[in-house]
Amino acid sequence: MLKALGKIGSARFGNLSKEKQAGLFGVGWTALGQIAAIFIRFGSSLLLTRLLNMDTYGFFGIAMSVSILVELFSDIGLRPALTRHADGENSAYVATAWTILIIRSFVMAGLMIGMGLLLPQFYTDYNKRLFFLVEVALAVRPILHACANPMSILLHKQLRFGTWAAMEFGQTIVGTIGTLTFAYLFHNVWAVVIGILLGEAAFVALSYAWCERPPRPTWDKAAAKELAHIGNQVFVNTLVMGLWIYVDRLVGPVFTSAEKMAPYLLAYTLMEAIERLMGKATDVYFSTLVKVGSFQQQVEFHTRTCNRIAMFLMPLLAIGIMAAPMVVKVYGSNYRAAGLGILFAVLVCRVMFRILGQVHYQLFMIQGEIYLATRCYYLALFVQVVTIFPLAKFYGTLGIAYSVCISTFVLTLSQNLIFNHRKYMDMKSFLITFGYAAAGFTALVFLEM
């Protein structure tokens, strides 16, 4: 069946290069898998918010945010390094990458446990002992992930996006079923922890079932040096980016309880589903962009892509801003009364700028100038730290959402200004995005009057 679809696609897009055809099919597979996962997560969140009380939902959201933040802190850029390098499929490179991943996983586990001890000291309304125990359990997750077949890292380089999408979909299915089953039985935070670990175990199993047999973990100095060339830049960039993305969920509990954080975390989860979809699409985009001729051709391709995103995707998200209060009506009255609708609207506005920023980041990686993207994240982090404390103090979780949206606007604007200064592209895509975001909010105000 897949071969038949491939023949149909080749006939339909025969005028495109093989790389661009693979990129289009990659976007298709990624979109299909992620859209299906969005519907599953949406249904899961509907059930989970009824099976768990707001306090439990908010508590786990904060604990999980710490776990993901540590993962971002220790992202050493192995996938883009292997994708970019001509010898990325060499067994010495793969085996060395696997060794690094295993070492990294134990470092991550230690950091999670340490943060599980440290952070609750600042969260006065949170159960410190339970927070620590949950972080200890979640520390198993990176170790499980490191056990996955390292050949799965090469799927993007090989343009086998369908296999990757299927593995992630399997992880989502198993994790969701596990979470809902245990939530129905126990109605506590451990249900979600167990579900996440089951999903991770499923991903590991599928990686061995659907990918080639891996080499044994070894250490090759030459390979490690080559991987570190781009990996070091990615590490620093992701360190700053991770802190920027999660500072809201680190600072939020200082000002408000888990119960009051729950609507914000739910709105963020709904928004994150859109961001995750685009994040996977940009992985495909990077793998395609690498193979597009000269750098000038890559810049032209990037400009066209950004303009198309601004013209065709942003109007849909602007409608999402207007429809936010209606979308959240399917959730419980306690969440709606706590401002879930307006929180979701603000965060949809945030994701409009974030999507454009994610696409821009791929061009920074192509250039090998990730440090420029890192400077933009430094600026965004500074803006968020400066704004989040006063806004959270006076407006609570809505103030946190405003701060997140403002800093994302600054991030994407600074990226665009760099490209504009270098005469890579104009400001067209950014201005279109800003226009649709403003129109969406203006319409929302009139609808709510």
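Here the Cβ of each residue, glycine as well, is placed from N, Cα and C on the backbone.
Predicted, not measured: the structure shown is a model, and the values here were computed from it.
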(message) Looking at 56-73, 254-271, which stretch does TrEMBL describe as transmembrane segment?
(response) 56-73
(request) Would you please say which range out of 161-184, 281-304 has the annotation transmembrane segment in TrEMBL? (result) 161-184
(request) When you get a sec, could you say which of 1-19, 400-418 is annotated transmembrane segment by TrEMBL? (result) 400-418
(request) For the transmembrane segment (56-73), find every same-chain residue at least 6 residues outside the stretch whose CB is under 8 Å from a CB in it, and list them. (result) 48-49, 108, 111-112, 115-116, 119, 123, 126-127, 130-131, 134-135, 138-139, 141-142, 187-189, 192-193, 196, 238-239, 241-243, 245-246, 249-250, 252-253, 257-262, 265-266, 268-269
(message) Does the transmembrane segment (430-447) come close to the transmembrane segment (309-331), meaning at least 3 CB pairs under 8 Å for residues 6 or more apart?
(response) yes
(request) Return yes if the transmembrane segment (337-356) and the transmembrane segment (190-211) have at least 3 CB pairs under 8 Å (sequence gap of 6 or more), otherwise no. (result) no
(message) Given a Cβ distance threshold of under 8 angstroms, which distant residues of the chain, six or more beyond its ends, lie next to the transmembrane segment (430-447)?
(response) 307, 310-311, 314-315, 317-322, 324-325, 345, 348-349, 352-353, 356, 409, 412-413, 416
